[in-house]
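A short worksheet on the structure shown next.
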Amino acid sequence: MKEPVYKRILLKLSGEALAGKQGTGINTATITQIAQDVAAAYKAGVQIGLVIGGGNIYRGVAASAEGMDRASADYMGMLATCINALALQDALEKQGVPTRVQTAIEMAEIAEPYIRRRAIRHLEKNRLVIFGAGTGNPFFTTDTAASLRAMEINAQVIMKATKVDGIYDKDPAKHADAKKFDKISYIDVLNRGLQVMDSTAISMCMDNKLPIITFDLTVPGNILKAVQGETIGTLVH
């Protein structure tokens, strides 16, 4: 087996990834497949921090667009990420991966509070850490939470697993002539307004020189390929 090129990564999963083809909620077969893929990377010797979105259950941005108070909507979205975190913890432990959930909003009965040094200690002890509740603040996306946590745990890379096989110059679902980038700079992503992550998350990565690899989660084995340094998806650097 190839040696991983990264010792510690931050894996960002969208909430929608857990929903499978049904589009909402949590699909058992889908979450099992994701857990198997994450477990393969873990068993290759990579320390993994994981940030999960909540869009399969609740989208704060969408609710605020319909007139709901944005802060309230965002807090509801944060709680949705915690539901996903617990589901993912269960799925990962079934694959033999020791997992801890830390949340940015305290909920002591179901998860640890987020404490940076404790998170790093878990990683050093080869436990996978799932970070729930985003940053704990409204108006910040889970992409921004991923950038923040990646820097806090000293991850070498953010791996953003999506439903698309990389970054294109326009939406490949709508444009047959869309061109895929193998590599692209942070500033190009911002200038072109490409929907990789929100601009806050990209700017944080740019300021701290943290590379982002975005790739297709729906292809089994892609997470392992990414940590082994195979060229998949798009590198933002």
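One is the number of the first residue shown, and numbering goes on along the chain from there.
Placed from the backbone N, Cα and C atoms, the Cβ positions cover glycine too.
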Cross-ref Swiss-Prot: UMP site ASP74, THR135, GLY136, ASN137, PRO138, PHE139, PHE140, THR141, THR142; candidate in list GLY54, GLY67 matching that site is GLY54
Per DSSP, the region 'Involved in allosteric activation by GTP' (20-25) contains 3 helix, 0 strand, 3 coil
Listed binding-site residues LYS12, SER14, THR162, ASP171; those within 10 A of GLY54 (UMP binding site), CA to CA, turn out to be SER14
Whole-number Å distance separating the Cα atoms of ASP171 (ATP binding site) and THR141 (UMP binding site) is 21
By Cα geometry, the one of the binding-site residues (THR135, ASN137, PHE139, THR141) nearest SER14 (ATP binding site) is THR141
Same-chain residues at least 6 positions away from PHE139 (UMP binding site) with a Cβ under 8 Å from its Cβ, in sequence order, are ARG70, ALA71, ASP74
